[in-house]
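Here's the structure we're looking at; comments come further down.
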Amino acid sequence: MDVNSEPVKKVLSKYKFRDVAVEELQKVYRVYPDMKIMAGTYTSSDSLQKDLLKLVGNIPVVYQGRSYNIPILLWLLDSFPFTPPICYLRPTSSMVIREGKHVDSKGRIHLPALHNWDHPKSSVNALLAEMIGKFEEEPPLGTKSSAHGDTPSNLLDYVSNLTITEGGNRPDQEVKVSVIGGGDLGIAAVLSIMAKSCVDKLVLIDIPENSTKGGTMDLEIFSLPKVEVSKDLSASAGSKVLVITANAWSDEQSYLSVVQTNVDMYRGIIPRLAQLSPNAVLVIASQPVDVMTHVAWRQSHLLPTQVIGVGCNLDSQRLSHIINISLVANNTGKQAWVIGELSENKVAVWGNMGPGTDQLQALTPVSNSTKPLMDRAFEMIKGRGQRSWSVGLSIADITHSIVTNQKKVHSVTTLAEGWGGIGSKVFLSLPCILGETGSTRLPGVALGSEDEMKLRESVACQVNLFMQLRL
């Protein structure tokens, strides 16, 4: 493998572990002598460009007794081999990518070896061996339909009629939901969603957290219909909803360092989840939910309507229930909502309901005549806390509205920029209509001075925190 060409030497000189990288490349050459090392410009998903090395070549795949060559490309980051390659298929103009469990619609390859990369235990040769094994189970390429009678060759002539049943959100696909996080909240979310009977398949992905848990193992022992337990993020491919319950908490850390730990954990899972299920709605339940929903949106590069947090949905449902029991709201055409940050700064407002419907038409601030009632009800819900099982029920409520396209209103964490004069990119709980494509935020409302101050304080705190976080 020629690493002495001027373009390669120029780029390689900027690599942090040059000698180790060259040694790893030589190992690849001994097993795959046709692989070529080249210099190129890599463009990331956020349009940033960087000069990197890339491995280009074919890997041999045997499918049903026949051997085929699969063209691939591996981008090597400047911290290679201590960071995994970014792997893509290299289809020609006559090829079509077969989106599946290990390949997304853009041809990016997702494998356990990449997710669990740990050099020197991990190597490119081992990665390629796993890639070959996965592609032998599920061929990743086919041919495009040709009006000119072109003769397909190699793998394409054999797999052009194969139907890949996994990956992507197609109209005829089963309703699949994935819960990422194996702690008590993850288990509660799984059981609550299953009780709603609104999904065909539910995947619980158990990722490492700084907590003691045994529920995931119990689910594996006492298996439930429609529930799959996995440790591989790729099992979530093709999900309609991705629920993130994972937390990396520690009582020994400062608040900033605890949040940063969660941000770092998200960096390892959110981008890949978004790539595996690009049409999914992300429902964030990690804490602090307002901050982590913002982080998930930034890291996933999804539309803001596709990323929501559980936010004040539970508090809103509790508040409404308490007020309805008092028989005050039954004849007023109003419903109580909790909005803002999930903290002491959350705010209660009224929602005007459409005549004879459950559709929210507009929000109104609490008037002097209804303030005593609202204050008493608000104090009652503050003491109830947010235990795993209750948050799990709230997650199921939100998930049900999304997968059944109910167009129901929930107070969920969403991008608040532009709502009620908020000028910063922050996430707060606001009433949103939820459906299969995500959330639609309802118009803002003029709040009283005290409530307005609470919202502004929440915005300022979030802005200040994000200035200190490493995303």
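Every residue, even glycine, has its Cβ placed from backbone N, Cα and C.
Positions annotated as NAD(+) binding site by Swiss-Prot, on the basis of similarity to another entry: 183-211.
Note on the domain 'UEV' (2-145): its mean pLDDT in the predicted model is 87. Sequence annotations record features per position, and here Swiss-Prot assigns domain 'UEV' to 2-145 based on sequence analysis.
Within the group of binding-site residues (ALA195, VAL199, ILE207), the Cβ with the highest number of other Cβ atoms inside 10 Å belongs to VAL199.
Secondary structure from DSSP puts VAL199 (NAD(+) binding site) in coil. The least crowded of the binding-site residues ILE187, LEU191, VAL203, judged by other CB atoms within 10 A of its own CB, is LEU191. Summarising the environment of GLY183 (NAD(+) binding site), the number of other Cβ atoms within 10 Å of its Cβ, over all protein chains shown, is 22.
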